[in-house]
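Inspection log for the structure reproduced underneath, given as structure tokens.
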């Protein structure tokens with residue numbers, strides 16, 4: 001790609017460097033500080049007509065602001081100042097080339113300023129389209145063919161061989177492969193591994209799996225290496241004749257999380273004391289537990305990380321009702337007194353669980369299997385679950401606002417947060433407790449669902465998915481925000 | 001930047017702003033102006049992105065040429081899956097190489113094979129006994145596991161295997177509980193002790209051997225048989241408490257090691273504890289979960305085959 005500006009800009013940079021652009025950009029395009037915002041607010045008026053537009057530009061050679069309705073052009077002509085900067089986006093116009101020109105060096109300055117601006121305002125980072133570097137551009141030129149994911153092809157779908165009661169694994173693998181953000185991570189080859197090629201890293205193995213799923217091959221895959229790796233690193237799972245898909249899911253996340261650290265320097269491992277590996281970025285949320293002493297009303301709050309939420313299914317008929325019950329305050333009774341730090345005595349208390357932070361992928365486990373000393377049974381009660389789910393009512397901030405009696409329309413916190421989630425995978429358990437089979441429904445793209453039954457992949461309708469029993473439900477955040485990681 | 005002199009001070013701006021906004025028509029005009037500005041900005045942004053793509057050649061690079069996807073088209077017939085394979089027909093079996101013992105195994109029987117191969121599951125106890133007898137191996141490598149071929153119906157293909165198979169067929173007729181040792185066939189393990197099953201006790205082992213062994217197996221000594229339990233370190237037969245007690249007794253002289261034993265799974269354990277248990281208040285909830293103590297029994301975590 002050609003983003004080396006033009007000869008006139010190159011001459012200008014040779015004489016004056018990039019500093020003039022940096023200053024104009026940091027103060028009048030993307031304000032990187034409060035001071036800059038003040039300058040922009042007070043001085044971005046056309047020096048000729050005093051108007052704030054249309055389309056303000058700044059001369060790159062001297063300090064001169066003018067509108068695009070003729071005044072910046074006049075200034076350029078009379079002073080022979082050929083380059084001026086558009087103050088909305090920071091693009092440079094060259095009057096000798098008679099066009100806006102794009103220079104990689106200036107683009108990179110602009111991108112870093114946009115991040116700093118977002119950070120300075122305390123808002124999430126703006127979306128910035130991907131720009132290939134030199135090597136990536138070369139590769140794109142050399143390999144012209146593009147494989148598109150469409151609802152009409154099998155690209156991204158693959159059957160999985162049953163290795164002898166391993167449907168529990170196949171379901172979880174299908175779910176992980178169809179997790180949108182995880183797919184972007186692996187197809188973007190973001191996992192850099194020190195243990196590469198040793199066959200010991202589960203993340204590398206999953207990375208290979210993604211390549212297989214998108215290779216276009218149609219024969220079922222055999223996940224023997226994956227099973228071996230997981231059993232090796234989660235030994236408590238190995239050897240069960242038939243396993244629980246939920247247990248396998250959690251163990252797999254755990255091993256992936258541990259192996260993500262293979263390629264990471266110690267210094268990068270944690271940010272603000274929390275792990276920022278891809279698994280934690282996608283799957284980890286924070287569960288808040290408030291214990292309120294009934295005598296003094298003192299609150300003791302703790303926040304614990306979670307990867308999934310296990311919900312009782314007896315009683316409520318929908319996922320929302322299950323969540324409602326999960327986050328309801330519960331009186332702990334006289335048999336379970338807790339030592340209140342304020343009263344310095346054991347008191348009766350109430351406990352309430354709420355979601356303090358939401359993960360990008362919300363995983364729900366419907367507790368359909370009951371094991372007790374008296375009875376082992378499967379609860380096949382119907383629990384409806386929606387295709388689109390709003391998690392706001394189960395958030396700590398929302399519950400707090402409700403308790404204080406704040407009008408919902410004026411909720412002080414979280415009003416700008418978008419907590420909508422979309423269903424993208426459902427794991428089902430068919431049959432009885434001791435002779436069962438797992439299948440999964442996965443969403444390949446919006447509106448395009450498939451049923452994965454080991455090696456057999458067939459089309460499914462959303463209706464069919466929503467009517468299924470449901471054992472594990474996976475929701476993906478509908479709108480993603482970008483994190484600002486500028487130091 | 002001291003050369004920039006603003007035309008108006010912030011105070012002037014504020015005063016002027018309130019003055020102008022007093023009038024409703026001004027406020028409406030201002031709202032329209034802001035809307036127009038934002039609208040123009042967004043439009044120009046879109047044009048710039050398009051212009052940038054065209055001028056730099058990025059759009060063309062990204063777009064490339066669409067691959068011919070006729071071969072990948074989803075098959076839409078009720079008797080086939082999306083790939084066009086009949087849903088009636090069973091998928092053809094294939095062989096895979098076991099990552100543990102490197103031998104070819106029928107894919108559809110891989111999991112039961114691996115279970116035995118790694119020394120877990122139903123037959124693990126006997127296999128692990130032999131491992132003990134054959135003396136301490138690398139703590140985490142199971143590659144050195146003794147062969148278990150008379151028992152293993154999973155081998156398929158390969159010249160080496162066909163020989164084994166014949167042998168197995170021959171042995172099939174006289175399978176008895178105590179079929180363990182057939183010296184002639186065990187050419188690769190000639191040094192094996194023949195009374196391995198009962199022979200292992202902690203007394204005969206060095207501290208290091210004991211440590212390695214207890215990284216791999218439960219190790220609790222049975223009251224009835226006086227043998228050590230050779231199931232996994234998470235075996236459901238015995239409690240964590242029993243295992244801890246046993247380790248404290250057996251590894252007593254070397255306390256620093258025993259402290260690091262219980263959780264040690266592999267080298268390079270995670271720098272960070274992970275939320276690997278579900279967030280329902282469960283009986284398995286990790287210790288690191290701080291108070292208040294869990295007491296929501298109604299959210300007890302249960303799952304099929306959860307034998308803990």
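Cβ atoms are placed via backbone N, Cα and C, with glycine included.
Note that the structure is a prediction, hence the values are computed from the model and not measured.
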Query = So which range, B:87-124, B:163-200, gets flagged region 'Disordered' in TrEMBL?
reply = B:163-200
Task = Would you mind telling me which of B:65-85, B:128-148 TrEMBL tags as region 'Disordered'?
result = B:128-148
Task = Report the mean pLDDT of the predicted model across the zinc finger (B:96-117), rounded to a whole number.
result = 88
